[in-house]
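Below you'll find the structure, written out as structure tokens, and then a few comments.
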Amino acid sequence: MRVGVLTGGGDCPGLNAVIRAVVRKGIEVHGWDFVGFRNGWNGPLTGDSRPLGLNDVEDILTRGGTILRSSRTNPYKVEGGVDKIKQVLADQGVDALIAIGGEDTLGVAKRLTDDGIGVVGVPKTIDNDLGATDYTFGFDTAVSIATEAIDRLHTTAESHHRALVVEVMGRHAGWIALHSGLAGGASVILVPERHFNVDQVVSWVERRFEKEFAPIIVVAEGALPEGGEEKLLTGEKDAFGHVRLGGIGTWLADEIAHRTGKESRAVVLGHVQRGGTPTAYDRVLATRFGLNAVDAVADGDFGVMVALKGTDIVRVKLSEATAELKTVPVERYQEAEVFFG
């Protein structure tokens, strides 16, 4: 059997650990051949590929990013895209695909399965917002990076007695903001799931100043003020219809400065949350996902995604994997509110 592997969507720490586990088990246990398709779905669309052997994955466990590179290519936006993929797979003798990605990549995987291509999905997103799995790799690393940044920002904020607004990733789900804010001792945490009242935020900030402390406000990029709109870096959309969010941190810092008369600055962590070495947790989770994806291919169980349920790796239908996002529930946010102000 010959199996194709690809990584789609935004990169995150742990992708290489999945690739390594897939190739190691596929070759050493089953004797399969592997081909890596470059740049997400663009690889099987155009035939851009490379062989994947044991030597190719020998030293990639701890590396961030992906040796296969990635893109946000949507083959269903390309005329004749599905037929092109089928032809490339036939030409290269590929019997099945393992697609590693988030909601968009897995949504394509589901549609390709419906169109007769054997695909197994592996969930990937630093946002941790896929509803069919308890956790996705990359999330723990992103939270660790954001928490370290918050820890460092506390000292500079206190030295100058200023407010610092830390903008983290999170388009529709505020898991990174919630976890890093709690771990980093933030004075306020703002998430997309709950539109915030600016007056209330200012009140929490002023209360912190009154206690002679410098407030740290952690805000997800998709957070919204009541009656407000998303802050966009650009109105352009990618192949899946997503706009680039950004700017809520700067906007909020300006509002705080204007309303309190106190110096306030914004810090946008941006893509640093995606980069670098994955944590031990993410390496292990990514490895387990890869091993179990190989099992699904061996069983001929296509149209599924491997997922974490409790401490077990299970399989769920791709239709279930992309059905809904996992957002921060009210009770989890209320836990964090105890520490506001």
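Just so it is clear, glycine is given a Cβ too, placed from its N, Cα and C backbone atoms.
Some features that Swiss-Prot has for this protein:
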type	residues	note
ACT_SITE	ASP127	active site, proton acceptor
BINDING	GLY10	diphosphate binding site
BINDING	GLU103	Mg(2+) binding site
BINDING	THR125, ILE126, ASP127, ARG162, MET169, GLY170, ARG171, GLU221, ARG265, HIS271, VAL272, GLN273, ARG274	substrate binding site
SITE	ASP104	site 'Important for catalytic activity and substrate specificity'
SITE	LYS124	site 'Important for catalytic activity'
Near the residue listed as 'Mg(2+) binding site', meaning Cα within 10 Å, which of GLY10, LYS124, THR125, ASP127, ARG171 (recorded positions)? LYS124, THR125
Students should find that the Cβ of ASP104 (site 'Important for catalytic activity and substrate specificity') has, within 10 Å, a number of other Cβ atoms equal to 23
Is any of the recorded positions LYS124, THR125, MET169, ARG171, ARG265, VAL272 within 10 Å of the residue listed as 'diphosphate binding site' (Cα-Cα), and if so, which, in sequence order? LYS124, THR125
For GLU103 (Mg(2+) binding site), name the DSSP secondary structure in the helix/strand/coil scheme. helix
At a 10 Å cut-off from the C-beta of THR125 (substrate binding site), count the other C-beta atoms across all protein chains. 27
Argmin Cα dist to ARG265 (substrate binding site) over the recorded positions ASP104, LYS124, ASP127 returns ASP127
Rank the recorded positions GLU103, ASP127 by the number of other Cβ atoms within 10 Å of each Cβ, and give the residue at the low end. GLU103
The rounded CA-CA distance in Å from ASP104 (site 'Important for catalytic activity and substrate specificity') to LYS124 (site 'Important for catalytic activity') is 10
Largest CA-to-CA spread of substrate binders THR125, ILE126, ASP127, ARG162, MET169, GLY170, ARG171, GLU221, ARG265, HIS271, VAL272, GLN273, ARG274, angstrom: 33
Hey, of the recorded positions listed (LYS124, ARG265), which one tops the CB count within 10 A? LYS124
Of all the binding-site residues here, MET169, VAL272, which one's CB has the most other CB atoms within 10 A? MET169
If you draw a 10 Å sphere around the Cβ of GLY10 (diphosphate binding site), how many other Cβ atoms fall inside it, taking every protein chain shown into account? 19
